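A.B. asks: Relevant sequence annotations retrieved from TrEMBL are reproduced here:
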type	residues	note
BINDING	GLU163, ILE437	Mg(2+) binding site
DOMAIN	61-98	domain 'NADH:ubiquinone oxidoreductase 30kDa subunit'
DOMAIN	250-399	domain 'NADH-quinone oxidoreductase subunit D'
DOMAIN	407-474	domain 'NADH-quinone oxidoreductase subunit D'
Amino acid sequence: MPSRRGMDPSSIEAAAGALRAAGGRMIMVYAAPEADGRQTLRYVSSRPGIAGFEVWSVPAGGTVPSIATIWPLLGWYERETADHRGIAFSGQPEPFSLIAPLRADEEADLRRLPGLSGDAVQVLPFGPVRAGVVESAEFSFFYVGEAILHYVPHLFLKHRGMEDRFVDQTPETGLVLAERVSGVGSVAHALAYAQAMEAAAQVAVPGRARYQRVIVAELERLYNHLHYLGHLADTTTLKVAHAEGALLAERVKQIGARVTGSRFLRGVIAPGGLRRELRVEGLAGALDALRAPIRRYIARLDASESHFDRLATTGVLPREVAFDQGATGPVARASGLDRDLRRDHAYAAYDDPDLALAVATGTDGDAHARARVRIAEIENALLMIVRAIALTPGGAIRVACAPAAGAEAMGWAESPRGTLIYAVHVGPDGRLARVKIKSPSFSNWRVFPYTVHGTNMMDYAINEASFGLTIAGCAR
């Protein structure tokens with residue numbers, strides 16, 4: 001359970017500065033309902049060497065000072081909270097709408113653009129329909145020739161209001177919703193949500209379920225990263241490599257379907273453990289048969305000079321920018337930020353050293369570094385799945401999980417794209433009163449424009465693909 005600390009709004013700026021000076025990290029801020037109908041802000045942070053998170057509880061009755069100048073990554077969270085919860089932040093450096101209001105009678109200017117002008121400056125509005133089956137979004141490019149001066153993404157035109165869909169649902173129904181927030185992260189979302197409910201109920205998951213959760217989580221990481229490599233190859237015009245990456249990802253999905261009954265590994269995780277046993281017979285052999293084709297595929301990518309030339313120095317994200325703007329997952333690790341929830345805030349069975357979790361990092365911060373981090377994670381996922389199978393103990397796979405009325409808790413997972421956190425608040429009737437989702441794509445989409453400014457149009461698609469972003473995970 002995260003430690004909770006009450007704080008007055010007048011103290012928030014000093015506390016934020018002290019956290020930064022101590023080498024800590026701010027994670028997110030969101031608004032939570034109280035029993036008397038008031039709203040309270042929850043600031044989630046972490047400190048080096050401490051396994052848990054710290055939550056600051058700040059009354060939101062009036063205007064609250066913005067701390068986005070101290071922690072720039074909170075900029076989008078503050079704006080989202082202002083748009084959806086009506087809480088004003090004084091001194092917000094970007095005091096305009098981020099997300100369309102959920103009420104039809106309100107208007108928001110979601111296409112506010114900077115005042116860049118000049119004889120040769122042109123503006124290209126691109127999207128929302130932009131290519132094949134790619135998720136829809138709109139982007140504004142300010143450019144001269146092929147040089148991009150400035151770039152503004154508009155990502156929330158199809159916002160689904162998923163967090164509000166949880167309200168008044170039972171904990172069991174909430175898990176079904178969590179699995180569908182972002183299809184390619186079904187396991188990570190289910191795992192983070194289930195662990196939040198388990199913390200709210202103060203129950204311990206059986207050891208057998210903990211290890212089997214690792215198996216499905218790493219299967220999800222495996223197919224995501226293989227799909228990523230194929231998509232990245234497509235942007236560098238390696239069409240055969242694109243097809244082979246998609247084929248390998250599909251083979252992992254088919255293996256997952258045999259293990260769980262779902263290609264997207266849904267319907268297995270439940271609050272308290274697992275809904276049913278995984279069918280792991282033959283899984284180690286199936287993955288062993290894939291290991292050689294995967295290694296050959298990666299070797300051929302590495303041998304392609306044109307592929308390397310397009311990735312190297314493309315979309316460089318400096319370490320300082322990655323930290324300040326809140327990069328997460330492989331994107332952050334490729335820029336030298338050595339952070340992974342599986343190790344730093346261990347959950348499931350990731351605290352078992354015999355699993356041999358290895359956190360890959362890079363220093364160059366470019367598209368090539370982001371690809372290399374994921375390649376290392378592919379190899380490590382193959383190893384950890386096989387080890388988790390061997391280490392899985394006998395016993396039950398589920399315990400009763402009934403959160404107490406009024407309980408509040410958090411759960412998290414290191415998804416294929418990075419830090420994923422669920423904060424749950426249970427109402428007096430035992431139903432969900434508030435669910436906050438901190439998704440990795442919400443964080444990384446905020447970071448992404450910093451790698452576009454000053455680059456060129458020809459590299460844009462490669463750069464975007466190298467981030468592995470999703471719109472569904474962002475505009476949840």
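Positions of Cβ are set from backbone N, Cα and C atoms, glycine also.
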A.B. asks: If you average the pLDDT over the domain 'NADH-quinone oxidoreductase subunit D' (250-399), what number do you get?
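C.D. replies: Taking every residue of the domain 'NADH-quinone oxidoreductase subunit D' (250-399) together, the mean pLDDT is 98.
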A.B. asks: Tell me the coarse DSSP state (helix, strand, coil) of ILE437 (Mg(2+) binding site).
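C.D. replies: Note: ILE437 (Mg(2+) binding site) is in a strand by DSSP.
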A.B. asks: Quick one: among the binding-site residues GLU163, ILE437, which has the most Cβ atoms sitting within 10 Å of its own Cβ?
C.D. replies: ILE437
A.B. asks: Treating G and I as helix alongside H, and B as strand alongside E, what does DSSP give for the domain 'NADH:ubiquinone oxidoreductase 30kDa subunit' (61-98) in helix, strand and coil?
C.D. replies: 14 helix, 4 strand, 20 coil
